[in-house]
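Asker: Before I ask anything, here is the structure I am working with.
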Amino acid sequence: MAPAAALALSLLLAFLAIGPCAAADSIDLWPMPQSVSHGTQKLYVKKDITMSMVGSTYSDEKSILKDAFQRMLDLITLNHVIDGIDPGSSVLTCVNVVVRTPEDELSFGADESYNLTVPTTGDPLYAQIQAQTVFGALQALQTFGQLCYFDFTSRLIELNSAPWIITDRPRFPYRGLLIDTARHYLPVKTIKGVIDAMAYSKLNVLHWHIVDEQSFPIEIPSYPKLWNGSYSYSERYTMSDAIDIVRYAEKRGVNVLAEIDVPGHARSWGIGYPALWPSESCREPLDVSKNFTFEVIDGILSDFSKIFKFKFVHLGGDEVNTSCWTRTPHIEGWLNNNHMNVSDAYRDFVLRSQKIAISHGYDVINWEETFNSFGDKLDPKTVVHNWLGEDVAPKVVAAGHRCIVSNQDKWYLDHLDASWEGFYMNEPLKGINDTKQQQLVIGGEVCMWGEEIDASDIQQTIWPRAAAAAERLWTPIEKLANDTRFVTSRLARFRCLLNQRGVAAAPLAGYGRASPSEPGPCVRQ
């Protein structure tokens, strides 16, 4: 039997095995909340349902909540015409949102917890959301939107299995997705589409790997020739574009983490400023011997600090081939004069770059090679980004550093042979038993490296596998399934919901970027 056919058959068998249970339980939410109870009654959602904020101390001056509510209403209609006749009873007329704090600045560790109740009695009948922050209220609206659906008989929006009582909070504060705009340019509209899908899945950090050796697409006012390294004049982002993306994300509860990967992965920098290269014939890593190199890094991070307000900046530090340093006479002379070998120079470059970032108010994230090479010299607040293997995170937290888990064998989306089941079962705390050390794992991140994706296929390469990881990062571990057969039907329904919302999520019955193997309903693909 062909692999695709075998996967499709296994998916069908999973539905036959657990489908009736899922239907009877009527909990098709993704990711699964911390606590859910529900009844059996059907409610109708009034065509012109409103939002109120009675009892809230949050003013919504930036319209974060108002805009989110309108987006939710647009989503639940799924572009259908709502032309049914409202019945006289069991009609939900309002969602009252109580936010207990006035803050509206998204920050790392913002309280995203919420309580959502949908009663079956009351006149008028209204749902109630309670949250400490507006960002918890945003997560509640995402959950509420999944409870609602368009009914083709009544031609109305309905909400089944009421009353609902949901209490929820995320397991990890950092739930990330990396996109790569250096290997292939991604239009601003495409990036915003990814952010929308992240919000639906309750992921909250867009790791923007902006530049790399192939291209430098972003404007840096302090060094305006840097984006000469873009692929073309049209494949660029202005500072205003970056500000627009950050604001768009923040209004959806998503932080934007900017990355410049130094000293390696930086050949494109020298297109505009050739002095950054060790030599014309040896262009990477950046020239460690020149103060100009660090002046440019300082200028980039200074400009970034005006745009990217997230607590962290990512400075890369991975895959540094130092052979250019020893093959370039002036750098070799510098090494000798400073009594350094190339390992010393690599360490010096990373630590000097860290100090620059810290001077601009950032905490630094570095890829794990920096820890593996000189972990005891890193700034104590460094967050180590694990990607090479699952045995590194326990060592990082044992050394007292914070950690983000992205082990490539499970959470690299460009690995098209990595199944959604592997994404779901990948446990960030594997091998970490000490509770204090577990708290140093701030979360995880799935990585959509861009060598073989662009705007034409990024969404179906990301989803639904990233959503599988999103539940691992959001849902309490005791609520997670030990066998993916018990979540297959629920994830398939969420994948269909993504499709209905305009997100080109691929079928479950296949590996990354799979296409349907045969005709059939969405949930059986």
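Note that Cβ sites are derived from N, Cα and C of the backbone, with glycine treated the same way.
Annotation source TrEMBL lists active site, proton donor at Glu319. The domain 'Beta-hexosaminidase eukaryotic type N-terminal' annotation in TrEMBL covers 29-147. The domain 'Glycoside hydrolase family 20 catalytic' annotation in TrEMBL covers 172-476. Summarising the annotation, TrEMBL assigns signal peptide to 1-23.
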Asker: Any idea what the model's mean pLDDT is for the domain 'Beta-hexosaminidase eukaryotic type N-terminal' (29-147)?
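Answerer: Summarising the domain 'Beta-hexosaminidase eukaryotic type N-terminal' (29-147) by its mean pLDDT gives 96.
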Asker: Under the DSSP assignment, what numbers of helix, strand and coil residues are found in the domain 'Beta-hexosaminidase eukaryotic type N-terminal' (29-147)?
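Answerer: Counting residues per DSSP class in the domain 'Beta-hexosaminidase eukaryotic type N-terminal' (29-147), I get 28 helix, 39 strand, 52 coil.
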Asker: Counting across all protein chains shown, how many other Cβ atoms sit within 10 Å of the Cβ of the residue listed as 'active site, proton donor'?
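Answerer: If we count other Cβ atoms within 10 Å of the residue listed as 'active site, proton donor', we arrive at 12.
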